[in-house]
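**Student:** One structure, pasted below without further comment.
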Amino acid sequence: MTLGIDEAGRGCLAGSLFVAGVACSEKTALEFLKMGLKDSKKLSQKKRFFLEDKIKTHGEVGFFVVKKSAEAIDSLGLGACLKLAIEEILENGCSLANEIKIDGNTAFGLNKRYPNIQTIIKGDETIAQIAMASVLAKAAKDREMLELHALFKEYGWDKNCGYGTKQHIEAIIKLGATPFHRHSFTLKNRILNPKLLEVEQRLV
């Protein structure tokens, strides 16, 4: 049994970070590969939602999804939020797996406590369980940004999913940041202006 871990929303200017863990056998993983599973970035949103449902309802799959808000990222930092989310997944899913595979190049020092952790660069392209985790994380991020888009249509979140596209950055310059923007990120990019109150009033 392998536990795969991946995230979505790491580089966004808005919305939460989602980290997912999926544990299953190689035999079960093969079923999903036959359904067209691959790195979530290479799947359409419709296909991600389809696979998300199949993963969550499969009797032989264990999964856990952790959300860290923009506010948490601003107060703790992105790296700390990633580490905390991975710890939560390991505490909730580690008993299921004899192998733990994390997408990327860092285990955040957790390999001292969990010696069976492997970090794999582009693991979402080569390890089915990481690709499955990638689907759950990205589908959760998609859903969040579609819901937030209904509140703030000018930022194009239904299309850019919170990433810093030209339209998104231009909207921040023109309208200011929303309470769902990561202010530590927008300040770093010098695109935050003092119009926060104006958009906050829409939430009241």
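Cβ atoms here come from the backbone N, Cα and C positions, even for glycine.
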**Student:** Of Asp53, Asp74, Asp103, which does Swiss-Prot put in the divalent metal cation site with Asp6, Glu7?
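**Tutor:** Same divalent metal cation site in Swiss-Prot: Asp103.
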**Student:** Other than Asp6, Glu7, Asp103, which residues of the same chain sit close to divalent metal cation? List them in sequence order, counting a residue when its Cβ is within 8 Å of the Cβ centroid of the site.
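**Tutor:** So the additional residues around the site are Ile5, Ala8, Val19, Ala20, Ile102, Gly104, Gly123, Asp124, Ile130, Ala133, Ser134, Ala137.
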